[in-house]
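**Student:** I'd like to ask you about the structure that follows.
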Amino acid sequence: MTANDASTGQQPTATYDSAFLKACRREPVPHTPVWFMRQAGRSLPEYRKVREGIPMLESCMRPELVTEITLQPVRRHNVDAAIYFSDIVVPLKAIGLDLDIKPGIGPVVEQPIRTRADLARLRDLTPEDVPYVTEAIGLLTRELGSTPLIGFAGAPFTLASYLVEGGPSRTYENAKAMMYGDPELWADLLDRLADITAAFLKVQIEAGASAVQLFDSWVGALAPADYVQSVMPASAKVFEAVAGYGVPRIHFGVGTGELLKLMGEAGADVVGVDWRIPLDEAVRRVGPGKALQGNLDPTVLFTDKNTVEAKAQEVLDAAAGLEGHVFNLGHGVMPNTDPDALTRLVEYVHTHSAR
Ligand code: 1CP
């Protein structure tokens, strides 16, 4: 069987029994599983080669290319999971928003969403809007064998930050001004985005994704009380919408030390942690009943082998008392990272966590 049964989330046994999915379920594992956010991408010469001359958004819509790029880091690094190659703005492009991913900048929205009238541009997403996702995941699950595939989406706050600002921002001044100044419009915007995001994750799970990650990369810009009031309901709606599939749900953001507990309570099975807090402290904040993912500082990979190993061991030591641990970086692989350092890191984690 290549696709998940919509009612049970049933998967091929070898995939279900993989170290990655066991760790997400907080079951005993033969070794700590490891994958890297942004493991596919510019750190790999084979990625730069196949992407040559093809704009980012177009490459996300070509199933054979998506399949090849998703498999590249799995072949090279022996990671325990693949992550579907796409971008958080793909579902927004698919429902007809005029946006593009500009090289060296990121997602840019031609006409930002600022008023109630603008909300009408955010229609529901159906599987017919993203046939290339279903096709690529079908190809991938056949190629991947027992290696699980992680589907993903941007969380409502992080998507809203691009839509309201019109592009990348450091301050989120327009988005936060809407959140504070027009809470009803903000709530309606996030609710629309929750529906689109939930629909997009469902497409990926029904096509065969074994786990999903909700990227709320920029939500660390908020105070806990604002998170509870203005963001958590929408993120919780997304998690609730996919709860019935039984696939692990991972929730990640950057600079979220003060939000970790709430991000778990939003409905995650696994809470992603950046490098600012050690995992033994993170588990105290999150509380029982959740696995953790993380959290080596991605810049450590620019040092020598001994330093990388010492820092990786610190992460493993801090994770020793966890119910479930998925090793990852605290944020994505940086483009100038030496890919061989990543391969060696996978081997180190596997060897030094073997039980
Ligand atoms: O291998 C993988 O992990 C899949 C690749 C992936 C993922 C998970 C891409 C490809 N994008 C994403 C998600 C994504 N996109 C996030 C959440 C993850 C994170 O926090 O890193 C975010 C915030 C974006 C938005 C985005 N898209 C940015 C950041 C802009 C900012 O605000 O600073 C950028 C630069 C992009 C473009 C993009 N997405 C992916 C790639 C390989 C690229 C670069 C494309 C290019 O250079 O042409």
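Every residue, even glycine, has its Cβ placed from backbone N, Cα and C.
TrEMBL annotations: computationally assigned, not manually curated.
Dumping what TrEMBL says about this protein:
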type: DOMAIN; residues: 33-42; note: domain 'Uroporphyrinogen decarboxylase (URO-D)'
type: BINDING; residues: R38, Q39, A40, G41, R42, D87, Y162, S217, H331; note: substrate binding site
type: SITE; residues: D87; note: site 'Transition state stabilizer'
type: DOMAIN; residues: 150-166; note: domain 'Uroporphyrinogen decarboxylase (URO-D)'
**Student:** Using the alpha carbons only, what distance in Å do you get between D87 (site 'Transition state stabilizer') and R38 (substrate binding site) once rounded?
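**Tutor:** Per the Cα atoms, D87 (site 'Transition state stabilizer') and R38 (substrate binding site) stand 10 Å apart.
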**Student:** Taking every protein chain in this structure into account, which of the binding-site residues R38, R42 has the most other Cβ atoms within 10 Å of its Cβ?
**Tutor:** R38
**Student:** Those recorded positions, R38, A40, D87, Y162: which ones have a Cβ sitting under 6 Å from ligand 1?
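**Tutor:** Cβ < 6 Å from ligand 1, in sequence order: R38, A40, D87.
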**Student:** Looking only at DSSP and grouping its letters into three states, which state does Y162 (substrate binding site) belong to?
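**Tutor:** For Y162 (substrate binding site) - judged by DSSP and reduced to three states - the answer is helix.
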**Student:** Taking the residues the record says bind substrate (R38, Q39, A40, G41, R42, D87, Y162, S217, H331), how far apart in Å are the two Cα atoms that sit farthest from each other?
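**Tutor:** Max span of the substrate binding residues, Cα based, is 23 Å.
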**Student:** Pop the mean pLDDT for the domain 'Uroporphyrinogen decarboxylase (URO-D)' (33-42) in here, whole number is fine.
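**Tutor:** Result for the domain 'Uroporphyrinogen decarboxylase (URO-D)' (33-42): average pLDDT 96.
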**Student:** By DSSP assignment, list the helix, strand and coil residue numbers for the domain 'Uroporphyrinogen decarboxylase (URO-D)' (33-42), in that order.
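**Tutor:** Secondary-structure breakdown of the domain 'Uroporphyrinogen decarboxylase (URO-D)' (33-42): 0 helix, 1 strand, 9 coil.
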**Student:** Using Cβ atoms only, which residues of the same chain lie under 8 Å from H331 (substrate binding site) while being at least 6 residues apart in sequence?
**Tutor:** M37, S217, V254, D274, W275, P298
